[in-house]
Amino acid sequence: MAAMAVALRGLGGRFRWRTQAVAGGVRVAARGAAAGQRDYDLLVIGGGSGGLACAKEAAQLGRKVAVVDYVEPSPRGTRWGLGGTCVNVGCIPKKLMHQAALLGGLIRDAPHYGWEVAQPVPHDWRKMAEAVQNHVKSLNWGHRVQLQDRKVKYFNIKASFVDEHTVCGVAKGGKEILLSADHIIIATGGRPRYPTHIEGALEYGITSDDIFWLKESPGKTLVVGASYVALECAGFLTGIGLDATVMIRSIPLRGFDQQMSSMVIEHMASHGTQFLRGCAPSRVRRLPDGHLQVTWEDRTTGKEDTGTFDTVLWAIGRVPDTRSLNLEKAGVDTSPDTQKILVDSREGTSVPHIYAIGDVVEGRPELTPTAIMAGRLLVQRLFGGSSDVMDYDNVPTTVFTPLEYGCVGLSEEEAVARHGQEHVEVYHAHYKPLEFTVAGRDASQCYVKMVCLREPPQLVLGLHFLGPNAGEVTQGFALGIKCGASYAQVMRTVGIHPTCSEEVVKLRISKRSGLDPTVTGC
């Protein structure tokens, strides 16, 4: 707090800038110090989902807006267009490749439903990748058109702060551009972390920044990490018929409910994904035949082992994209541990007119929809007279593993830690989706649980759903939980039959009872 107070007191002068073209670049001249004479009402640094939402909202409210966005190529040289992580190397291509894997499962089911499909059906990575990449490029273009339609100025430059109201960037050809604004929103997101302490990691490995833009199949792949990114990538690689191994150092899906996380792993393991538990890589080197040899240590036995792969994918977390912003020039405080930007409940940084949203912010969910909503609410407060702030409680999300895991609210561990074991009641059930019956699919890990307070009216603290279409199921129930639904209210909700969603409103057995939670269906 002391650091923030110093930053608030230490704001410098305010300048209006204009540019004058000269040989070899641009000359900058101060035009006066009067407030309200800067280039823009709002400058957004970062053209991802959150940043674009801010820009469009402000433009709709009649403000003069600019967006500055630049993608630093990955170490492998992968680059992409406007739209940020979600559009280019995250949610969108991930979900489409997940869908490709699900279609493979449906093709295998098809003969049970009377379709004469010759098995096995080969998968063409090149064709899938091209289709996914073309869709992503159409979204890039769509975002540019939307900015143009709203008269938002777009600068494809790498920006860094000159002072608390001004940023500098270099355009193609080396021309320097200076932009000033009354308000600045930082929405630069994050990038995958590389384990640079591991020999060969940077030279031979790829990340989620690259996997969706590969022209050729990655082949036999080692995925290092146990994040949702790691499991989702390994899941769709297995689903399209590739050999995928996940190396997990400690626990999977840290921060998620651990019972559900274990079941996600069980399902993946039983459907072809291989796991190396308690292992950590120490070296990657390229063999004469072009394959990659990975050396790792089994942390339980201390023994060293090796394996050969076509691709090594690092999925060990993300780092905020703040390094090149020169935040210190503007007086913006960051966490010394994570380098993420510190903000208050209204997205304000240590500088009154500079804000930050999304993955670049300390303590915020790294989710596209939260960045979008936080950005819109922020702009409405700045320019629309609103006082509404973002509520980060009970934000739903889904892990798009082969058997999807959707959740909203507290995990069982969080509920117990917050309220005490004696005050928590967990209702749960195993179930079998109707779609699995005719094809004889294994439903061992199809499971739902509701975490509630034990005392009446048994407020629902969290919902966890493992099964088909988990995102669709969780999104619907998230509204009720956001509105403070009780267990009794959920039980009085009539289910839609026959669906997986109705299993949520049929939860009658608590863990405490010790009864068999298997649902037999009707």
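For all residues, glycine too, the Cβ spot is worked out from N, Cα and C.
Lifted from TrEMBL, the feature list:
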| type | residues | note |
| --- | --- | --- |
| DOMAIN | 40-375 | domain 'FAD/NAD(P)-binding' |
| DISULFID | CYS86-CYS91 | disulfide bond |
| BINDING | LYS95, ASP359 | FAD binding site |
| BINDING | GLY225, ALA226, SER227, TYR228, VAL229, ALA230, LEU231, GLU232, GLY317 | NAD(+) binding site |
| DOMAIN | 395-506 | domain 'Pyridine nucleotide-disulphide oxidoreductase dimerisation' |
| ACT_SITE | HIS497 | active site, proton acceptor |
Inquiry  = For a three-state summary based on DSSP, what are the helix, strand and coil counts in the domain 'Pyridine nucleotide-disulphide oxidoreductase dimerisation' (395-506)?
reply    = 41 helix, 31 strand, 40 coil
Ask   = In this predicted model, what is the average pLDDT of the domain 'FAD/NAD(P)-binding' (40-375)?
value = 97
Task = Pick out which of the recorded positions LYS95, HIS497 has the most other Cβ atoms within 10 Å of its own Cβ.
result = LYS95
Remark   = The sparsest Cβ environment within 10 Å, among the recorded positions CYS86, CYS91, VAL229, LEU231, is found at CYS91
Ask   = If you count the other Cβ atoms within 10 Å of each Cβ, which of the binding-site residues GLY225, GLY317 comes out on top?
value = GLY225
Inquiry  = Taking 8 Å from the centroid of the Cβ atoms of GLY225, ALA226, SER227, TYR228, VAL229, ALA230, LEU231, GLU232, GLY317 as the cut-off, which other residues in that chain fall inside it around the NAD(+) site?
reply    = VAL223, CYS233, LEU253, ALA315, ILE316
Key: Cα distance (Å, whole number) from VAL229 (NAD(+) binding site) to CYS91 (disulfide bond)   = 10
Site extent for NAD(+) (largest Cα pair distance over GLY225, ALA226, SER227, TYR228, VAL229, ALA230, LEU231, GLU232, GLY317, Å) = 13
Inquiry  = Is it possible to get the count of other C-beta atoms within 10 angstroms of the C-beta of ASP359 (FAD binding site)?
reply    = 29
Message = Measuring Cα to Cα, how many Å separate LEU231 (NAD(+) binding site) from LYS95 (FAD binding site)?
response = 13
Note = In chain order, residues whose C-beta lies under 8 angstroms from the C-beta of SER227 (NAD(+) binding site), counting only those at least six residues away in the same chain, are LEU253, ARG254, ALA315, ILE316, GLY317
